[in-house]
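Student: Pasting a structure below so you can have a look.
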C-alpha cells in the first residue's frame, strides 16, 4: 500500500497540473450540466454534460500516450473522488436555509426549491454517473494502451487510431451503464432506447473529441520532447525490470 501511494505522489508531480486540473473540472462540470436536457428524441438523448464529457476522455488519451493505462486510471479515480466530494458539498449547501438569487427575481418558492434539488443532486444519478465513469475510464485506458502497442509509429495517425477506437467504445460503455442504472431503472426507458441512445450519444461525443485531438497530440509530443514525467516513467520501468 505504501508503494501504491508513493507511485501516486510521483505521478501527480509528473503530469502537468493544467491537464489534471482540466480533467477534474470537466468531470465536475459534466455531472453538474447533466441536470439540463440538451436534446431528446426517440433515437438520440443528450444532456448539457455532452459539451464537456469528451474533454475528460481526451485528457485520458493524452495521459495514456505518455504515462500508460495505470496512470490514466489513477487520475480518473482522483477526478471521481473530487467529484464525489463536490457533490457532497453541494448537497450540504442545498440543505442550508436562505434563498437563491433567482428567488428574488421571481418571488416563487418553487424556483428556490428547484435550484436546491438541482444543486443537491439525486443519489441514483450520482451513483450511475460514478459507476459509469469508473468502468468507462478503465475500458478506455486499457484499450488505448493495447491498441498503441500494435503500432511503433509516433505519428498523429497512430495517436488518432488508438484514441478514437478506445474513446468510441468507452463512451458507449459510459452511456450504456448510466442509461441502464438511471434511465432504464428509474425513468422506464426501453432497452431499444437504452442501446440506441447510448450508441448515438457515443458517436456525437467522439466527433467532438476528433475536432480537438490534434491539439492533444501536439501537447503530448511536447511532453515527450521535454521529457515531462520522466521520474514516474523511470520509476515504473525500474519496478517492471525488478519483477
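Each residue, glycine too, has its Cβ placed from N, Cα and C.
Copying in the features that TrEMBL gives for the protein in this structure:
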TRANSMEM  12-32  transmembrane segment
TRANSMEM  44-63  transmembrane segment
TRANSMEM  75-103  transmembrane segment
TRANSMEM  123-143  transmembrane segment
TRANSMEM  164-186  transmembrane segment
TRANSMEM  192-212  transmembrane segment
Student: Give me the stretch from 12-32, 44-63, 75-103, 123-143, 192-212 with the greatest number of Cβ pairs under 8 Å to the transmembrane segment (164-186).
Tutor: 123-143
Student: What stretch in 12-32, 44-63, 123-143 has the biggest tally of Cβ pairs under 8 Å against the transmembrane segment (192-212)?
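Tutor: Out of the listed stretches, 44-63 contacts the transmembrane segment (192-212) most.
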Student: Of the listed stretches (12-32, 44-63, 123-143), which one yields the highest count of Cβ-Cβ distances below 8 Å with the transmembrane segment (75-103)?
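Tutor: Answer, by Cβ pair count: 12-32.
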Student: Going along the chain, which residues at least six beyond the ends of the transmembrane segment (44-63) come within the CB cut-off of under 8 Å?
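Tutor: Contacts with the transmembrane segment (44-63): 15, 19, 22-23, 26-27, 29-38, 71-72, 75-76, 79, 133, 137, 140-141, 144, 159, 162-163, 166-167, 170-171, 174, 183, 193, 196-197, 200-201, 204-206, 208-209, 212-213, 216, 219-220.
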